[in-house]
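Colleague: Take this structure, written in C-alpha cells, and hold onto it; I'll ask about it next.
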Amino acid sequence: CLPCISWSRSDKGVPNGGMAQFQEEMRQQLETSMHAELEKLLDTATGVDKEVSKKDFDGFKKLFHRFLQVEGPSVDWPKIHRPPEDSIQPYDKIAALPLPDSLADSLNKLVVVKLNGGLGTSMGCKGPKSLISVRNENTFLDLTVQQIEHLNKKYNTDVPLVLMNSFNTDEDTKKILQKYTHHRVKIHTFNQSRYPRINKESLLPVATDIGMTGENADVWYPPGHGDIYASFYNSGLLDQLITEGKEYIFVSNIDNLGATVDLNILHHLVSQPNGKRCEFIMEVTDKTRADVKGGTLIQYDNKLRLLEIAQVPKAHVDEFKSVTKFKIFNTNNLWISLGAIKRLQEQNAMDMEIIVNPKTLDGGQNVIQLETAVGAAIKSFDNALGINVPRSRFLPVKTVSDLLLVMSNLYSLEAGSLTMSQKREFPTTPHVKLGSSFTKVQEYQTRFESIPDMLELDHLTVSGDVTFGKQVSLKGTVIIIANHGDRIDIPAGTILENKIVSGNLRILDH
C-alpha cells in the first residue's frame, strides 16, 4: 500500500482503470524522486565508501520498488493451510538415524553464520550485544568460538565462523577478533547493508549526506536479517566459501545460546539423494504462551511459507496467536544451501515479504524503515523442510531476566555449550520477571552478590529496590515486591520457597 500519500482528488467518477493509472503515475513519481535523492547522497561520498554505498542503494531501490507495489496485507487468509505432515519432521525421527563414522566429511561442508548486527542497548550496554558477558566472564562471541573450536579439534575439521555485522557493530567486533587469532577457528566477517530511513510523509530519505555523525547519526539503519542473502553474495565471501568446498550454512542469532551445530540435522541435510536435496531447513519448536508473537510455518500456494504477525490481517491476529491452530514457531535457526543462495541471487528470485517498521527519531520526526526477515525466503528454496526441535535449541538472551537464567545453576557449561542441569527434575525453564530496577546489566550485577540457586524454581517476580545476598536459594513460586521508597535486602543464605516478600527489609553492616 502507499501508506502516507493523501490522494488529493476524489475517485468518484474516476473509472477503475483511471484510478489504477493515477496510482501508477504516483508510484513512478515517487520512485523517480527517490532515485534523484539517492544520487545526491552518493555525490557526497568518495572512494570505497562510494562504491559500497552504491551497492547498498541498488539493493534499497529494489526494496523500495517492491514496497510501492504492495497492496494491503500480504496474505489471503482463506488460502492459509496447515503444512502437510511430512513437511515438518519431528527431531526425534531425524536423531534416530545412526550417524556415520566419518562426520568430518559433513562438517567440512559446513559454515556457521551468526547474525551479529545488534547492539546491547535493550540491556543498557553500549556496543555490540555479542560482547556482553553471559557466563563465567564469557561473552556470546567467546561461547560461539569455543563451540566451533571444540568441533574442529574433536573431528579434525575446518568449520569456519562468519559474522554478519552491521555498521553499528563492525568496528568494535573487528577489534575484539584479534584475541581469537590462536584459536582453531577461521573467522570471516561481512557487513549488512546500510539503508536510508525515509520520511513517513514524503517517502524520501531523511539523510542530507552520506555521513554517519552529527545530525546524520540516526538516519541510517541495517535492513533486518533478510539482508543476509544479498550482502553475503555482494561481499564475495559466498563465492569464496563455495570454492573452498563448503555447501551449507547454519545461520542463527548470536544471542540464541541454544543454537549450536547439531550433527543429526547436518547429517540429514548432506545424506539426501541429489534430486531431493533439501535447500532450506527451518528449526521450529512448540509454542508456549510466551511465544504467541513468533512467526509460524504455513502451507500457502503449495509452498512452505513463514507467516509473521505483521502480515496477519487485524481480524485474524487472535487466531494467529492461538496455540491450538498454530502450534509451532520459528527459532531462526536455519540451515541453507550456499549453491541455492547463489542461484537465487543471480536470478533475482529471492522473494521475501517487506516489513514496514515505523520509528520516531530523537527530534520527533516520524520515519519508516523497510526490512526483510531471513526465514521469509523459505518459499524460494526447493524441498524446504521444518524440523520440530526440542525447546533447548531456543535459548535467546533478550533481557536481563533471560541473563539471570543462563548465569544460574540451571545450566552447565561445557565447550561453549549450555545444557540444562541434570539436577533439575523437570526440563522446563522457570518464568523470571525482573522489574525496571534490573533493566541494565550494570544495575543487575550490583543487585546480586552471587546468582541464587534456582534448580527448583518455577516462577520468580521481583519488583522495586531489591538486592540479593550470597547463596540465596529460590524454590517454587517466589514474588518479591518493594514498594516505592522501600527497599528489600534478601539476607545471605536465605531459602525462599513459595513465598511472597513485600514491605521493607534493610540489612545494614554493623
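Any Cβ shown, glycine's included, is placed from N, Cα and C.
As annotated by TrEMBL, UTP binding site applies to Lys129, Gln192, Gly224, Asp255, Lys398. What TrEMBL records for His225 is substrate binding site.
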Colleague: Could you check the binding-site residues Lys129, His225, Lys398 and say which one's CB has the fewest neighbouring CB atoms inside 10 Å?
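Modeller: Checked Lys129, His225, Lys398; of these binding-site residues, fewest Cβ neighbours within 10 Å: Lys398.
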Colleague: Counting only residues 6+ away in sequence within the same chain, which have a CB under 8 Å from the CB of Asp255 (UTP binding site)?
Modeller: Gly118, Lys129, Ser130, Phe140, Pro396, Val397, Lys398
Colleague: Using a 10 Å cut-off, grab the number of neighbouring Cβ atoms around the Cβ of Gln192 (UTP binding site), all chains included.
Modeller: 26
Colleague: Which ones in the same chain are close to Gly224 (UTP binding site), with CB under 8 Å and 6+ residues apart in sequence?
Modeller: Ile355, Asn357, Glu371, Thr372, Ala373, Val374
Colleague: Could you tell me the C-alpha distance between His225 (substrate binding site) and Gln192 (UTP binding site) in angstrom, no decimals?
Modeller: 8
